[in-house]
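Right, one structure below, let's go through it.
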C-alpha cells in the first residue's frame, strides 16, 4: 500500500524543492524502500516540449519518450527509479484529459468543474504514478499563494483526508532569510507561508527551512511554536558546497526517521555510504580543465542542467575540477573561434533553430583543425556533419533543411520513418504538430567495432535517449565516409546515423542522442568521463609546449 509525501514550497520560488525531494527519496531508498517521485506543474502547457529554455530551463526526456520538467533529471540522478510519463503532469495535461472525457460523454451531461472533476483527475494521475511503490513523493510546482497551484493543493488536501495521516504527510519548504546587516535570521516569512497553507486546509507535518546558515535551536523552536509543527520536525537546510551532500545533511537531522514514523513504514537503517563516497571523491581534484560550452541558451544555466551535472559527475570520477566556460554561439559567429584558444575541450549541446548555428560550426572547425577534444550532442552532431561536409568534403553551402530548405547539399533532413526500440515503426511529416514530430525516448544504437565509441562504451549495443526531428541524410554518407568521417553508431535497423567520429583526431565524438540524461553521480556516464579525461590529456600536452 503506497504511502504519500506531498512537498510544497513557500515564500519564493527556486528554493530547491526538487533537490530536497530527491535527497529525501535517496535516503528512503537507502533504507530499502521502493521510492518514486512525481512532479505536478501548474502551467497550462501540456508539457514543456515546446517551451523556450529561457522560460523553463531544459526539457528532460524520459526513457519512454516523455518531455518533462528538469526536476525529473534531479530525481533520476538521486534515486535508481527510472522516471516515466507518469511522473510529470501539468495543468494543461490534466485539463486536456478532463476535456477529452467531457467530449466523450463520460460525465453524462453534468457540469464540469474544477471541483470535483479537475481535482479528481489530479488524484487519479498521482495514484497512477505511485502504483506499485512503497513511497511516492509528490512535488507541487510553484509557490503557495499562486492561483495556478490551487487545484493541486485542493487535490492533495482531499487525499490526506481520504488516505489518513498514516498514509499521507505534508512537507513544506520555505525560506528563512539571513539579514547580514543585523546578523539575524527572519522567521516571519515562514510563519506567513504556513499561515497561507493552513488557510486552504493543509497543516504541514514537517518544515524544511532553506537558509544561508544553519538555523539555531532557538529559531527552530520559534518556527515550531508559530506554525504548529513539532520542533524536531523543523529541519534546517543550509546552503551546501555540493547538492550531493544534502542527503547526509537531512539524515543528520533524522528527517527520514521522522517520515518513517509518521507513515508507519517498516524500513532498515539508512546506508548512505554510497553518497559519502561521492562527496569524498568530489573533494579530490588533481587538475582543473576548462570546457567550452558553445550554445544559444548560455544566459540560463538551467537550459543545460543535465549536461552541467554530467560534466560534474565525470569530474568526480576522474579527480578533475571541471570549469565550464559558456560561449554564446553568436559571439563566435561574429568574432571567430580564436575566443577558444585557452580551452581544453569543446562541447556543442543540442538546440533548435537557425540562430547561432554558424558560430557552432566555427567552434567545431576549430576543434577539428586544432585537435581539441570535442563532444557534440544532438544538434552538436548535426553541425559537426555540416562542418565536415563544407570544409573537408568540399560541399560549399551544405546545410540542414531545418536551416535552409533550398540548400544544394541537404546533408541533414527530416526523416519520415524510423524504428523504435521495441521494433515498431514510427512516422512523422512536416504537417504534424511540433509535439508529435520528435524522435523521443530510449532507442537502441549499434556501435561499430574498432571505433572510439565502442571503446568508450565497452559494448556493441547501447540504449540512449533521443529528442530531435532531423537526421543525417543517407544520400551523403558514402561521400562523408570516403573523406574520413567514421560512422561509429547506427540505429537498430541500421538506417540512421547515431554517432560519428574522426580517425585523424585524438578525441572527436558526436552523437545524435542525449547521453546527459542517463548520467548520475554514483557511476558517471562513460562518454562524459572519457571526454573529461581527454580534456586532461590535452591540458597536460598544452603545458608541455
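Yeah, the Cβs are placed from backbone N, Cα and C, and that goes for glycine too.
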If Swiss-Prot gives 14, 15, 16, 17, 18, 19 as binding ATP, which of 47, 64, 69, 71 does it give for that site as well?
71
Determine which of 13, 23, 400 appears in Swiss-Prot for the same CTP site as 146, 147, 148, 186, 187, 188, 189, 190, 191, 222.
13
Out of 295, 315, 336, 351, which is the one Swiss-Prot records at the L-glutamine site of 379, 380, 381, 382, 402, 469?
351
Between the Cα atoms of residue 18 (ATP binding site) and residue 188 (CTP binding site), find the distance and write it as a whole number of Å.
24
Counting every protein chain present, what is the number of Cβ atoms, excluding its own, within 10 Å of the Cβ of residue 402 (L-glutamine binding site)?
19
Enumerate the residues of the same chain, 14, 15, 16, 17, 18, 19, 71 excluded, that satisfy the criterion Cβ within 8 A of the mean position of the Cβ atoms of the recorded ATP site; list them in sequence order.
9, 20, 21, 74, 173
Looking only at the region 'Amidoligase domain' (1-265), what is the mean pLDDT?
95
Compute all pairwise C-alpha distances among 13, 186, 187, 188, 189, 190, 191, 222, the residues listed as binding UTP, and give the largest one in whole angstrom.
23
